[in-house]
Amino acid sequence: MKINGQSVSRETQERLEHFVELFKKWNKTTNLVAPSTLTELWSRHVADSAQIFQLSPQPKKWIDLGSGGGFPGVITAIFLAELGDGWVDLVESNNKKAAFLRIALKETGARGAVHPVRIETASEIITTCNAVSARALADLDLLFGYIHPWAQNNPNLKAYFNKGRDYDSEVQKAHGRWQFDLIKHRSAIEADSVVLEISNLVLRR
């Protein structure tokens, strides 16, 4: 099996397939994604999420914000399971979605834990990390506010955000309050989309 042109082991493929089946089952009663996108689970959600880990397999301690249906957090945790190392802390304040995430992690053997708290208070519980991810959550300025506590604790922190075609306007807006280094990775899924890699985040004084 290949995802985004990269080979995936049989073990990881089986974990991903089990996650997708769980997702379909839970989506009938818990609104994880729009029903209209269920036919594109692999191409639109799994593969899009897998880009995060494929771009940066080195970080061993991740935080995924607004994890929702597990994209990209559970997908990253599944890839880490193959390595037998690393961890993803998934932050999701919706109790139903948090319950799904717990079951997904347990049944796939993925390496992670779920924290049913608001993002604004997550840094009080999870004090350190190497990398942060978020998908379809908020604009960059707000995301930077969320991750700033971890950036202060770890100058080497990297963040990875899936963004659509309007990302340039978000970048310009964020420059008003923040200094940061930016690498734009073209999405392997959608021509107009990117994965933004953020480092050296500092609040302007």
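From the backbone N, Cα and C atoms, a Cβ is placed for every residue, glycine too.
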Gly66, Phe71, Ile119, Glu120 bind S-adenosyl-L-methionine per Swiss-Prot; candidate in Arg102, Arg135 listed for that same site: Arg135
CB contacts for Glu120 (S-adenosyl-L-methionine binding site) [other CB atoms within 10 A, all chains]: 11
Among the S-adenosyl-L-methionine-binding set Gly66, Phe71, Ile119, Glu120, Arg135, as the record gives it, the longest Cα-Cα distance in Å: 20
Set of same-chain residues at least 6 away whose C-beta sits under 8 angstroms from Ile119 (S-adenosyl-L-methionine binding site): Leu65, Gly66, Val91, Ser93, Tyr146
